[in-house]
């Protein structure tokens, strides 16, 4: 029990790092929402594991309840985010936010589909 | 003891089917035959696992739940395999990703920004 | 106690009712405003004389349960929020009010529940003592606020809403991670119980300085700073606040950043005062100073009124973060810390009132002119004198001229800066005031310039009264500063009297 | 032996979780990313089982792997339709400039630093049992035997109440994204399937099972893992399935009955809380009545959660093509 | 028995790595989704084995997983259908109607 808690806690920390990288590097809004969810579940794993490191009994029920609340809240935010991305795509035909300088809002260029592939990672299998 | 032995044998056989399914999904050359591999694993592998575990079930409720899991996966696997197969064969859309064909009326991009 | 319950549940119940009852959202909102005002008028004198009141929810004491506490800080902000909401609800009637005979439209249905949910979330954020409960409140606040940004559905506002959502989501996650680490380390999420553990004070009996605590504090601070739009996390603010319809902008700019700021105050002054270091205080102050200058310069460069007001919010939020260095210092007893704490709260309250008034004025002028370009504002002063004076009075509060609440704030903060020998922050305060006068001069000058050919659409009088009353409230905050001053002192955390570090 | 097998399992599971997350971020194809994300949810649910957090595992399996995945699949499909018009699909438009490799590496270093720092902070945490003891001591007074349900519905009921309101807020926010002319219509695309076909049959076959499971999860939640959120999610999935199979159309957003269903749970919860406040304690559940009160609140919450979640997956109201057994929308409901 | 079941769960889990490889490679969306289905079924099996090894109450997770995996598959089939909300079994004339409606709506939009 102790060993698995430590292991999953470390896994959670790694997931947070991974998700953060994905969130920053990717421009596609849906992929950012996926990265957001990965960070979220990493946080929950870290949290849950820290409540399970005492071998006396099972995982802390308060931590479990907080995590359940967190998962539901994350889903709510994700669902609204997806709706917002779709509404944005419907109006502009784009799936990422335009670069924006602080001083002046550049008007969005309409109608250019986003086909950019943001990650260039070699297939690990081959 | 005998029961435990049978459980082990059944679970071992089930695992074998799962591995066969995995091998199939990796090695088979085309979508259709891979689907075939998948269905085998779903139905037979999980079935064997469940029968094996059912011998260990502590009460009737658990037994009932095990049966329900099996029924659920059987029905679901059968249905989805058929639908996915049909979609994969008949619709070119399935070849590249979801939907690269017609736009839908309610969902088309407006040519003009509606508010400005 | 019932008054506290009313404070947090009335807006939420009203929001639920506004979902089901068609075309009467405005009346439901009005009822909830009246209810909350009554609750506040019961609570405020009570708390001012008898000290903070606790509401132990479900009878479960912390750490197991959640406690709401009505202290001076919470009530001052809840009161400001109630004033702003009242004015906004009156102003929003022309945009989103409906006559019962017409068919329901999208905006009429969506605006009221969203605004009310946002308000409920704000009150919870001001009152709750539980770090996770605060997280849920912040999420509710975020969802409602982003939806209000997007409510017009224009491409600019959708893009602004998405940008806001992305920033806010990351801020939430950072805050949540910090709260989780604190809970893992200390077995409680209650601010009071955390304070009792002397976190970071290695000299105490229970204190310790753990890696996880420092990380937790950093993460929560970063997350809350993103949500407060502290420089350099401010990029989302201006397009979001300027892209929303005027009543929504007023809520967003005046109230929403204050929720995360109040949590930040509670975090550092109440829960974790032992973790502060001079470098951290200086960093937060430095970012605040940078925000003051950067926001002001950007406000100077805008050609649209709403963007000027929105960038002004970036600058004004910068002042709030000066509380950290001003309440700090290196000597033992710091008599100025309480002044800095009070001054910053005055600044937040005054900014909330003045900024809401300004956005509502912008809303009036958008109706009159059709857009919010500066070039279209010629002649507005003579056409809409009431709104013009509201804008001017709000400007007085924003620039911090006497006798406004802004002046009281700046006076307290300047005193603290000089008393603690940190003249540099005084320079920031003074220069910031000059800059705000500069960026407000342009719209004012434009409005007062004569243009006899200009024709404006008529604006209902009720729309013009609301911003004027708000602006006057910002002045009253300074004129009658005694009552709010003493209210803010009730339940003031020890660190705000003795100073941080 | 048991320890070794378990550790081996855990190591493998961690590897799969990280692999799925990495792939979801790195895979080129958007749909691939979504599929990896679904698979990731399955693995994370397994991790929760290993941590003996069955309640969380149920939630993750239902929400994380299930509904979020379905939501994302639908979103990919609609996004491709929305962005693929009159342009050569593979022609690179002038998008935002791809992140430079220097920025990429800097991000990687920063993210690795944060991950590493967190790992260090986690390891140096002293083991703590959290509030397990406090929960155990007060469990008898909470009215339920499942400690997680006791925390969710009683000790920290205020959190749960706000959480159910967050869900509702997300739905209001989502609906507010509709176009003005679509207000009052049905949410999401018009679903249709061949009457009597495989999909329609499946849509008839599965709901009884699913309904049973959902109700069972809510019912058993007071004593065993389960509860309103898990059961509500299963019921939401069942309802969605019925709609997808073309058996029933989604209700119009203007439907008053639907709106009451959405707010029933939170309203009931607040009502119980206010009744408690009048009696002396806000949200206080007297021990003698705690169990029936909790079950009542959970029943209301389940209804609202199921409806809200299903509608969140469907999306904002819009004009559809109206091909299903339900007739096309002629006029938006006024 | 518990150790044996846990080991069996490990062996089953390992086989899911192969399915991950197929998701990565594709090439079709259908391939990816099928592999995900395999992970879903394997996940159900793993949960069952873990339940047998440690705590039978875990079996509810298997039920939920099985139900929602099927649901995700249906959502996928919908997503790759012609208009994103249909059924691959619908006949070609339905497809035609969709196409005609689409052009009609475009014309209406442009006009």
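Glycine is no exception: its Cβ is also placed from the backbone N, Cα and C atoms.
According to TrEMBL:
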- D:6-25: transmembrane segment (TRANSMEM)
- D:15-81: domain 'MrpA C-terminal/MbhD' (DOMAIN)
- D:30-49: transmembrane segment (TRANSMEM)
- D:61-80: transmembrane segment (TRANSMEM)
- D:101-123: transmembrane segment (TRANSMEM)
- D:161-178: transmembrane segment (TRANSMEM)
- D:198-219: transmembrane segment (TRANSMEM)
- D:199-316: domain 'Na+/H+ antiporter MnhB subunit-related protein' (DOMAIN)
- D:231-250: transmembrane segment (TRANSMEM)
- D:262-287: transmembrane segment (TRANSMEM)
- D:293-314: transmembrane segment (TRANSMEM)
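When pLDDT is averaged over the domain 'Na+/H+ antiporter MnhB subunit-related protein' (D:199-316), the result is 92. Between the transmembrane segment (D:293-314) and the stretches D:6-25, D:161-178, D:198-219, Cβ pairs under 8 Å are most numerous for D:161-178.
With a cut-off of 8 Å between Cβ atoms, the residues of this chain six or more beyond the transmembrane segment (D:61-80) that come close are 30-31, 34, 37-38, 40-42, 44-45, 189, 229-230, 233-234, 236-237, 240, 309, 312-313, 315. Through the fold, the transmembrane segment (D:101-123) approaches none of its own chain's residues that are at least 6 residues removed from its boundaries at a Cβ separation under 8 Å.
Counting residues of the domain 'MrpA C-terminal/MbhD' (D:15-81) by DSSP class, helix then strand then coil, yields 61 helix, 0 strand, 6 coil.
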